[in-house]
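Written out below as structure tokens is the structure these notes cover.
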């Protein structure tokens, strides 16, 4: 029988929860078997904009979310990896979830698992020790863990078997299913024009040397100008070999970029170099940026050496 005092106390607690700072944060809790890919999933979610935390204890979750709500923009998605083998997790998880849901949080539990033979192979390849294998064999540890997590598995909103996925395939799956950005816009292309005198940008993934193009440096009235000036642009683009090069190079990029995107790459740096980083590389980088803009692809454009350039 519920006493009036208990009812009053329960109502007060519910009212306190409801009056907490409203939020629309979506919280994805990731757990599952050791070796099933939790770290890969978490890193992939971070790349699509989730705020990610690894190994957060359940008892710290309410305090963390309260602090996060006060300091972060509303609507930011959160992904957490939790070790559910801690004592009392099953009993406390339901209670904590109900409290957070009353405060407006949307919680989803993703459980990762894999076939025993696959997990054995992964531990062998990475040479990592299973967290429960201190006294038992790894096979016994895997079976003990699988049995102990059955209760959590039954509570999961989604169970993902990663047996057939390598890390790249698992990453692609997560990007496809959890990213709100269409695949072709997930990769940011950084265009950098540079001078070979100052060295190739160390962050470059691809380098294009355009020193074979006619050099405006040897046209006296163009020498002090940069590739951002219309007269220099007209000179560089007025050469037939420049137009032939741009046509073929743009087709090459149109072929190449989707394949990098398909591999889950989020950043790609293309460096365009000429002798001084002032004329030719600037023009070509600008034209490539215009091409990417027409294709509605995200990019940044930096002329690294243009301001200090001298010599083409």
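Each residue, glycine too, has its Cβ placed from N, Cα and C.
Curation plays no part in TrEMBL annotations; they are all automatic predictions.
Not measured: the values here are computed from a predicted model.
The ATP binding site feature in TrEMBL is assigned to 32, 33, 34, 35, 36, 37, 38, 39. The feature GTP binding site is assigned by TrEMBL to 83, 84, 85, 86. What TrEMBL lists as domain 'RapZ-like N-terminal' is 27-175. The domain 'RapZ C-terminal' annotation in TrEMBL covers 188-306.
Among the binding-site residues 35, 36, 37, 39, not one has its Cα within 10 Å of the Cα of residue 83 (GTP binding site).
Apart from the site residues 32, 33, 34, 35, 36, 37, 38, 39, the chain places the Cβ of 112, 113, 114, 162 no farther than 8 Å from the centroid of the site's Cβ atoms, the recorded ATP location.
The Cβ of residue 37 (ATP binding site) has 25 other Cβ atoms within 10 Å, all protein chains considered. Averaged across the domain 'RapZ-like N-terminal' (27-175), the predicted model reaches a pLDDT of 87. For the recorded site, residue 84 (GTP binding site), the DSSP three-state label reads coil. Neighbours of residue 33 (ATP binding site), defined as other CB atoms within 10 A of its CB across all chains, total 20. The binding-site residues examined here are 32, 35; by Cβ neighbour count within 10 Å, the least packed of them is 35. Per DSSP, the secondary structure of the domain 'RapZ-like N-terminal' (27-175) breaks down as 75 helix, 26 strand, 48 coil. The least crowded of the binding-site residues 34, 36, 39, judged by other CB atoms within 10 A of its own CB, is 39.
Under 8 Å, Cβ to Cβ, and six or more positions away along its own chain, residue 84 (GTP binding site) finds 31, 90, 93, 149, 152. Contacts of residue 38 (ATP binding site) defined by a Cβ separation under 8 A and a same-chain sequence distance of 6+ are given as 30, 31, 32, 81, 112, in order along the sequence.
DSSP places the residues of the domain 'RapZ C-terminal' (188-306) in helix, strand and coil in these numbers: 52 helix, 25 strand, 42 coil.
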